[in-house]
Amino acid sequence: MFGTSVSALCLLFLLSVCTACYISNCPIGGKRSALAFPSRKCMACGPGDRGRCFGPNICCGEGMGCYVGSPEAAGCVEENYLPSPCEAGGRVCGSEEGRCAAPGICCDVEGCSIDQSCTEEDEAEYISQSVSSSHGHDLLMKLLNMISHTPPHRVHK
């Protein structure tokens, strides 16, 4: 009985001091170290570096829309190798990890979708800066249609 309680006590002690990270993509310093890094903007991308990376193959920006799987977004894969997390785009939309990327477009690391909440309030500035809202919406629909019918470009090494 005494041996069992000592073994249990030792096991509890080892578990309390164990700080191993069992997730394959843990940041340097462990799971909680990501909270210590200040938030930074994601890498610039696209024509003239006017956009921001939203995922390893997604580049979006004001006045240019989104590039998904194209050469303009190829540099975004480098974001995966940086040690600190980044924050892209405007406010949260769609899923919990989605962000407003352009007027009417919500993106997360996996892809983009049309989201009407991204055309309200903060994103209304994008529309007023570019063209009239009805023309901007037509252009957005054409761009999303092209993206959905175009196979992703592959970067050859």
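Just so it is clear, glycine is given a Cβ too, placed from its N, Cα and C backbone atoms.
Given the structure is predicted, the values throughout are model-derived calculations rather than measurements.
The disulfide bond annotation in Swiss-Prot covers C21-C26 (among others).
If you look up Swiss-Prot, you'll see C42-C86 (among others) marked as disulfide bond. Mapped onto three states, the DSSP output places C86 (disulfide bond) in strand.
Around the Cβ of C45 (disulfide bond), the number of neighbouring Cβ atoms within 10 Å comes to 24. Taken from Swiss-Prot, the feature disulfide bond covers C45-C59 (among others).
Taken from Swiss-Prot, the feature disulfide bond applies to C53-C76 (among others), supported by similarity to another entry. Within 10 Å of the C-beta of C76 (disulfide bond) there are 25 other C-beta atoms, taking all protein chains into account. C76 (disulfide bond) falls within a helical segment according to DSSP.
Here Swiss-Prot flags C60-C66 (among others) as disulfide bond.
Under the DSSP three-state reduction, C106 (disulfide bond) is assigned to strand. If you draw a 10 Å sphere around the CB of C106 (disulfide bond), it holds 26 other CB atoms from the protein chains shown. If you look up Swiss-Prot, you'll see C93-C106 (among others) marked as disulfide bond, on the strength of similarity to another entry.
The feature disulfide bond is assigned by Swiss-Prot to C100-C118 (among others). Counting every protein chain shown, 26 other Cβ atoms lie within 10 Å of the Cβ of C118 (disulfide bond).
Annotation comment: Swiss-Prot describes C107-C112 (among others) as disulfide bond. Around C112 (disulfide bond), taking its Cβ as the centre, 24 other Cβ atoms fall within 10 Å, counting all chains.
The glycine amide annotation in Swiss-Prot covers G29 and is backed by similarity to another entry.
Residues or ranges marked as signal peptide in Swiss-Prot (evidence: similarity to another entry): 1-20.
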Suppose we draw a 10 Å sphere around the Cβ of C66 (disulfide bond). How many other Cβ atoms does it contain, all chains included? 24
Can you count the other CB atoms that lie within 10 A of the CB of C100 (disulfide bond)? 26
Residues with Cβ closer than 8 Å to the Cβ of C107 (disulfide bond), same chain and 6+ apart in sequence? F54, G55, I58, C60, C66, A88, G89, G98, R99, A101, S113
Most Cβ neighbours within 10 Å, among the disulfide-bonded residues C59, C60, C86, goes to C59
